[in-house]
């Protein structure tokens, strides 16, 4: 009985080790019934285990909540690659429990397994947090990140099968009520830790730090600290814990039994009723340690084969495992909450009302909240009502319904994705070129005529753009492009003082979307990025094409301050040379008029750095050309802004300067605003030579997100109902239908089904079957329906329920019946002559 036996003093256990009915532990140490008795006898060390679990779950789920966005925004993975890595992490996290189980049960015990792996786990969190502080694009990415994630996955999985069981070890086995209360508290803390972390960690991520709008070092650093705290809390109770010594690992014994049975089946001609019975072909009770131990002190005529009973238990495990074959498909749907549903949320409108927006990685908390509400609802209301209607809610029936509801959640998600797709840009294939024209002529409408293409009307200061939501599709599409195609656009103008027409010839590249900007001051052609913002903080992507010459930056209207930095400081030709120093947009109106731009103000200051620009060439009507400056895309939150020439007076450094450490000079005519989120815009600033007026033009490359993030709520509700019916019921089925000796094995198998489910997602992503995300979600739903069809057939024609509640009373009869059954299945000669099977057995 190990250390648990020490609860009873030596004088209470007779020397022969046999307790009489008067020495029954339940009589010597009766189970506490009242609240006061429970408080008095409650093992105080369990509070360290419960505290440890709260911190560990906060650490794990907090890190996991922001992981997908980290893979996309810092490691620069595309959506597919981010999905693969996220689920590969989950696969490792749900296969490593097998290693933790082997260590705990067969080698170093639960205590040392939890402690040693927790230290490793905390180390992995620290590695990931440190890696997140390194700038995007550094050579340490993604190698250091992957190393940290691998360690975390091994850590969380390694302690998973140990912590709850170790807490149960602290109670005498007959304290059933207290054990039940302990597990209720334990699982409440799991849900509390995960729920709180999924609310707070995305907020940590959205906090600006280190010069960025997002702060992944904080989002990963706090979980790392909490994992260290979890380990410290666990060790605080080390001197009070009951530490049962390691025993045989049942998983290895099961694997060995199956292997021997299969080997004997194919190497011997003996026929058996079940293939697992072949394990007994090479079994000899006289030398088997299990049989010797089981029959110790018994008369020979009462000897029983311990392996016969174990083979029957393995049979029960196999039957349950067959019924669990469809389970991975459920996890393939369920676990996409952490990857593709977050990616879907990023492309949605997260603004709930002015001043309040949800973060995409906070949506996962809905499942945690709904599950806490729905579990008692189903137990107290739904199941009893269904039973009253005359429908038996057996475990397999619940699972079948739950699987179909999981499929329904992906139908709902697919319908939502159809709406989201309307705001996703069309990406040209390699043999396609998309082309837009932006009209920068003030007061002049334009009509564009391209051979073989329809006429397009563009209002003054307007552009050709696609908005599928409003069925506005005007961008030119050229098919059959062999690397490059030359296009001539004949543009006629209408308006007072406008020129009659102009021809513009441009070269378009296959696989690109390009635009031609035309104005009275010149024209230029450039390619555009169709990438929508991925940070999930309600941003729009902004690129600036700047055509304001240095001569404009030194105008008297700017006051005493002059733009005397970057290339305009020593410009030899200020009329033709264009400014390419820092540009910033700052909140308008400013909080401090003397210092209108504050680099440390979150969501109020965005800067285009000197090293992010590139030069282009603008051609004028008279044939002359001048450089313009393209400032690459920056993700900007919704707000009213004004543009400024900015100089950091202390020079470039990694430290973010204060508002008093920069010079900010406003750009005339540059006040603009954003509404909504998720749009992609190109802004053109240029000077009208005839009036020296600064003009601002906006080109909508990709429209803003239109679909509200609140439309994800139904799919979370449906998947939560599916989880209750399928996942929770499935675990109950597996646990109740496996023989008592197989309980730990079936829990390990259940965890492995999660890993296989995530492996399905990885395989589908690698195959790259789907171009449309909505189609993919419908396909997952269809696959789940097919799998549940197979599950129903197994339920009807294969599986029969068993009841182990009376097993202890019936063990003797069952063992005798099993022995007789095996003997009857053998040839007569083998019954009389085979020592491999018959040694140790005599009929009563």
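Sequential numbering from 1, following the chain as shown.
Cβ coordinates are placed from backbone N, Cα and C, and glycine is handled just like the others.
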Candidate ranges 111-134, 255-278 [criterion: TrEMBL lists as transmembrane segment]: 111-134
Segment assigned the feature transmembrane segment in TrEMBL (from 7-29, 30-52, 283-305, 398-420): 398-420
Transmembrane segment range according to TrEMBL, out of 688-707, 748-767: 748-767
Matching range for TrEMBL feature annotation, transmembrane segment, among 653-673, 716-736, 800-820: 716-736
The transmembrane segment (220-242) and the transmembrane segment (58-77) contact flag, 3+ Cβ pairs under 8 angstroms: yes
Any contact, the transmembrane segment (83-104) to the transmembrane segment (146-167), with at least 3 Cβ pairs under 8 A: yes
Paired segments the transmembrane segment (58-77) and the transmembrane segment (317-334) in contact, 3+ CB pairs under 8 A: no
Surrounding residues of the transmembrane segment (111-134) on its own chain - C-beta under 8 Å, 6+ positions past either end: 52, 56, 59, 63, 70, 74, 100, 103-104, 140-141, 144-145, 147-156, 158-159, 162-163, 166, 210, 216-217, 219-221, 223-224, 227-228, 230-231, 234-235, 238, 241, 243
Recorded stretches the transmembrane segment (779-799) and the transmembrane segment (716-736) touching, at least 3 CB pairs under 8 Å: no
Recorded stretch that, among 179-200, 365-386, 398-420, 716-736, has the most CB pairs under 8 Å to the transmembrane segment (146-167): 179-200
Highest-contact recorded stretch vs the transmembrane segment (398-420), from 179-200, 365-386, 716-736, 748-767, CB pairs under 8 Å: 716-736
